Amino acid sequence: MESWSAPEVPALPGRGPQLRLYDSADRQVRPVSAGDTATMYVCGITPYDATHLGHAATYLAFDLVHRLWLDAGHRVHYVQNITDVDDPLFERAARDGIDWRDLGAREIQLFREDMAALRVLPPHDYVAATDAIAEVIELVEKMLASGAAYVVDDPEFPDVYYRADATVQFGYESNYDHETMLTLFAERGGDPDRAGKADELDALLWRAERPGEPSWPSPFGPGRPGWHVECAAIALSRIGTGLDIQGGGSDLIFPHHEFSAAHAESVTGERRFARHYVHAGMIGWDGHKMSKSRGNLVLVSRLRAEGVDPSAIRLGLLAGHYREDRFWSDDVLSDAQTRLQRWRRATSLPTGPDATDVLARVRTYLADDLDTPKALIALDAWCTEALDGGGSDVTAPKTVATAVDALLGVALPVE
């Protein structure tokens with residue numbers, strides 16, 4: 001599937017340092033040991049609603065990873081999926097009286113426009129679940145053959161399930177206890193009470209055909225994929241084993257990332273699906289959790305329609321650390337707009353303070369678990385000195401503007 005147009009990433013002098021990120025499985029910040037080509041799989045949207053700031057914050061975090069890898073001299077193979085066959089999509093389409101495919105296509109296009117406006121680098125492979133049915137079927141067949149999966153004893157709906165105990169390491173990614181797993185499994189799309197399952201935590205791999213639902217033929221009967229297996233199949237088919245980063249929002253730690261990793265591991269025999277499991281925090285609005293039920297979603301497209309500069313949206317989200325749950329507010333946006341104006345004024349000056357030190361510090365801060373708050377403060381200090389008339393380096397304003405563009409994805413004027 002087509003993604004969106006890529007913004008140009010300008011080159012900076014020298015190379016950035018090795019990236020260090022917090023790994024949810026190991027619960028510590030450690031180096032990301034990528035090869036010449038760094039690989040990353042980030043879970044994409046379920047296209048039944050517009051992109052809100054929680055989505056945007058997640059994709060901005062991994063956009064920074066992408067940019068820092070490029071700055072460190074890596075090629076990047078980035079894969080993102082689209083969960084375009086799932087219950088929330090069908091439910092919203094039925095509510096609105098629209099075909100689920102048309103709803104998905106509309107929201108995917110809006111997502112593309114939002115990502116392009118925010119200057120997010122597109123994935124190398126942008127894959128809809130409906131375009132990966134063959135890969136899913138192949139993976140489920142392998143799990144059935146190995147005993148990692150089974151068909152429930154239900155003549156009407158013979159669904160295929162994954163055995164949660166199929167790998168001895170199951171649970172390592174989330175580090176959650178059994179009770180927490182069960183709670184989150186029920187809250188986040190699981191079906192612990194499904195009759196015929198061997199264990200409450202066993203996860204759906206293939207949902208047998210139901211009336212009114214799309215389905216595809218398979219050796220184990222017509223149906224459609226479960227959620228977690230889609231990502232395992234797409235990642236394995238596009239990247240293979242030895243994935244550097246599996247990423248997404250913190251709400252995907254369990255069950256989604258735990259199971260997608262386990263599905264892949266049960267087939268490949270690898271101990272770890274990914275070397276790093278990286279998760280972004282949640283975004284709330286004005287002191288409350290952002291949710292559809294509250295009706296307080298802040299949509300990127302709505303902000304753009306109101307005339308908000310996408311670079312200000314980007315700076316507002318980057319003002320907080322990516323792993324922290326944090327709140328968006330009018331004050332956050334106002335502060336970001338003020339910061340953007342100051343940066344643009346400073347980098348438009350004919351001269352400024354030498355940029356060597358600020359470039360080195362910004363690179364160092366970002367490479368240390370994407371510490372954007374420190375990076376932004378370092379840039380603020382340079383801009384303040386420049387606006388106060390300090391420095392006589394004629395190349396510095398352009399160097400700083402180029403660094404902000406290349407590393408943070410924020411476009412500033414460069415003469």
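From the backbone N, Cα and C atoms, a Cβ is placed for every residue, glycine too.
His256 is the residue from His74, His77, His256 that Swiss-Prot records in the Zn(2+) site together with Cys43, Cys231.
Per Swiss-Prot, the stretch carrying the note motif ''ERGGDP' region' among 13-18, 187-192 is 187-192. Feature annotation (Swiss-Prot): of 45-55, 78-88, 331-341, 364-374, the stretch labelled motif ''HIGH' region' is 45-55. Checked against Swiss-Prot, the range among 154-158, 219-223, 289-293, 349-353 recorded as motif ''KMSKS' region' is 289-293. Each of the binding-site residues Thr58, Ser250 was scored by the other Cβ atoms within 10 Å of its Cβ; the lowest score goes to Ser250. A strand conformation is recorded for Ile82 (L-cysteinyl-5'-AMP binding site) in the three-state DSSP classification. Same-chain residues lying 6+ beyond the ends of the motif ''ERGGDP' region' (187-192) with a Cβ under 8 Å from its Cβ atoms: 87, 200-201, 203-204, 227, 251, 254-256. Note: the CA-CA distance between Ser250 (L-cysteinyl-5'-AMP binding site) and His256 (Zn(2+) binding site) rounds to 10 Å. Within the same chain, residues at least 6 positions away in sequence whose Cβ sits under 8 Å from that of Trp227 (L-cysteinyl-5'-AMP binding site) are Thr83, Asp86, Gly189, Leu204, His256.
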